[in-house]
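Undergrad: Attaching a single structure in structure tokens format; questions to follow.
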Amino acid sequence: MLQRRLFHTILRHFCPDTPVVTTGRLAGAPPRAALRTHGRLAPGQSERRGSTFFEKKKKKLAALKDFRERTLVAVKPDGVQRRLVGQIIQRFEQRGFKLVGLKMLEASEELLSEHYCELRMKPFYHGLLRYMTSGPVVVMVWEGHNVVQTSRTMVGHTNPAEAPAGTVRGDFSIHVSRNVVHASDSVEGAQREIQLWFQEKDILNWDCCDQTSTGDV
């Protein structure tokens, strides 16, 4: 390298008009820094990749949140007395939902007044309380994708006369005042009812054999 530079210096001294080609670069070629693109991302490409990564992460978290939606389902005294608890549980399990909380109890009027707080001014309210305190109830928390709306569909119309065959009320209920089962009517309502009937320690987080902790099935 030193000899080559010395040669070029001597050549320019004696032949100033002689063009000299810079070592390692052709005339008109782009700067060496511009050629070193292998292994590097183009400007803005890194930002795009980072944005895509976080977008996928947000979608995955949203899907997980939706997958772990929960609802409250209660088998009312007539359903318990008619030994329908097992059949109702079977329907929800066959639908693919996961049981994460369950208890059997005799509900107090205080608890029921909180549960049915929006119905206190209805003419049937006191009859409803008598019905719900006439025997034990089985209360459950079910988890799964779109479980609130799907559960409402599975349960059927409040009035069994309007509930289609194949729904719980359509198959088992005999009167609107004895309609076997309750299911939360909204995500917000489900959260309120679950907190009313269950303590946090009563809800179990567990994975089915066909489900991972990421919510993939």
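Heads up, the Cβ atoms here are built off N, Cα and C, so glycines get one too.
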Undergrad: Report the candidate from R68, R83, R169, R192 that shares the ATP site with K76, F124, R152, T158, N179, as recorded in TrEMBL.
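TA: As annotated by TrEMBL, K76, F124, R152, T158, N179 share the ATP site with R169, chosen from R68, R83, R169, R192.
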Undergrad: For F124 (ATP binding site), what is the secondary structure by DSSP, using just helix, strand and coil?
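TA: Where F124 (ATP binding site) sits, the three-state DSSP reduction gives coil.
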Undergrad: Using DSSP, what is the helix/strand/coil residue split across the domain 'Nucleoside diphosphate kinase-like' (68-205)?
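TA: Per DSSP, the residues of the domain 'Nucleoside diphosphate kinase-like' (68-205) fall into 64 helix, 28 strand, 46 coil.
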